[in-house]
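Copied from Swiss-Prot, the annotated features are:
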type: TRANSIT; residues: 1-25; note: transit peptide
type: MOD_RES; residues: LYS69; note: N6-succinyllysine
type: MOD_RES; residues: LYS69; note: N6-acetyllysine
type: BINDING; residues: 158-167, 191-193, 306-308, 316-317, 374-378, 402-405; note: FAD binding site
type: BINDING; residues: SER167, ASP278, ARG281, ARG349, THR351, GLU401; note: octanoyl-CoA binding site
type: MOD_RES; residues: LYS179; note: N6-succinyllysine
type: MOD_RES; residues: LYS212; note: N6-succinyllysine
type: MOD_RES; residues: LYS212; note: N6-acetyllysine
type: MOD_RES; residues: LYS217; note: N6-acetyllysine
type: MOD_RES; residues: LYS217; note: N6-succinyllysine
type: MOD_RES; residues: LYS271; note: N6-succinyllysine
type: MOD_RES; residues: LYS271; note: N6-acetyllysine
type: MOD_RES; residues: LYS279; note: N6-acetyllysine
type: MOD_RES; residues: LYS301; note: N6-acetyllysine
type: MOD_RES; residues: THR351; note: phosphothreonine
type: ACT_SITE; residues: GLU401; note: active site, proton acceptor
Amino acid sequence: MAAGFGRCCRVLRSISRFQWRSQHTKANRQREPGLGFSFEFTEQQKEFQATARKFAREEIIPVAAEYDKTGEYPVPLIRRAWELGLMNTHIPENCGGLGLGTFDACLISEELAYGCTGVQTAIEGNSLGQMPIIIAGNDQQKKKYLGRMTEEPLMCAYCVTEPGAGSDVAGIKTKAEKKGDEYIINGQKMWITNGGKANWYFLLARSDPDPKAPANKAFTGFIVEADTPGIQIGRKELNMGQRCSDTRGIVFEDVKVPRENVLIGDGAGFKVAMGAFDKTRPVVAAGAVGLAQRALDEATKYALERKTFGKLLVEHQAISFMLAEMAMKVELARMSYQRAAWEVDSGRRNTYYASIAKAFAGDIANQLATDAVQILGGNGFNTEYPVEKLMRDAKIYQIYEGTSQIQRLIVAREHIDKYKN
């Protein structure tokens, strides 16, 4: 399996050397003036998108309902995605990865989410867990923890949220006490995606005991091996949607972490943890768009087949207008994540656009899933049709990686600051 993945990486890396993506721009690359913005993907981008699309439609969709019913973690699908090069796409080339940009990851994420957002979330959970190391890890940390993920289909997790600290990240209570060359960690985390499947965690803990210490100095980011003594993994949570994703609580009791596993240094953790979101929120938004597109497709197909009052549903203006509104919304949501991804790949701070994309796409996914259920009527409310699952799966897009309300706070702050400055 590792040999197959290695061949896949070599092929895709060779593609990237020949200008694989017009949308993805390295931060240090100078763009030629006057070229403007292109809506056209390169042929290679289309091929990668087609690979993800084929995988979603032929391998994910046929088994998605069963995984939703059982809640079983989709190991065969994750292994297959890894073999196809559809996982861990952010890992740098010098660590054995593809070194793709956020725009590229978004194209893949949308297609995977079209098949099942539970599967997509498990895969995207890896990207979120890896991102702090990608943006802040030293060479040794990157090679040790990212490199191994290109050798076999391992998982990782972003271990930040706590029972009493979700949106309020600065309110976390998990403590890290420095003793010699080690840190002793005690605390409880909650709602950790891939929590029971991860090989290692990115963990954020309070290292400054002063309760008045500012957030940008009070927390430290750690890489923690999942098999470290003192880690207690809780039961898998039975959630409303995305049920095949592994979500758990984790307790850390006198867990020893060596100093070499600290990212950057003491007090740098909050900035590292928040910095990851500029790269991962566009990808989450892309997943929401994938679900929204699926809802639109299912509703349209049904409306073209179902007759009422002697007419096809699409021949009723009320339904055709609903479909038109759905189509408009999904196209705009897609543009929002593409702009956010393009900005960060161009080396610019994209917090404003990332939050717009995350909030807008999350809301649109919920609206379109609801509309799809409405168009299917009683059938939409039944498990024999896929749209009820879409409606359950959609809700979390307004919650994880920053609620829709938090995104609006960020957008408002960024918008107002532009006028103040």
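A Cβ is built for glycine as well, from the same backbone N, Cα and C atoms used for every other residue.
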Cβ neighbours of THR351 (octanoyl-CoA binding site) where a neighbour is any other Cβ within 10 Å: 19
Pairwise CA distance, LYS279 (N6-acetyllysine) versus TYR158 (FAD binding site), rounded so that it is a whole Å: 14
Subset of recorded positions (GLY166, LYS271, ARG281, ARG349, LEU376, THR403) lying within 10 A of LYS217 (N6-acetyllysine), CA to CA, in sequence order: LYS271
Which of LYS217, LYS301, the listed modified residues, has fewest other Cβ atoms within 10 Å: LYS301
Alpha-carbon distance [GLU401 (octanoyl-CoA binding site); GLY166 (FAD binding site)] in Å: 9
Pairwise Cα distance for LYS69 (N6-succinyllysine)/GLU162 (FAD binding site) [Å, integer]: 27
Which listed residue (THR193, THR403) has most other Cβ within 10 Å, given these are binding-site residues: THR193
Fewest other C-beta atoms within 10 angstroms, as judged across LYS179, LYS279, which are the modified residues: LYS179
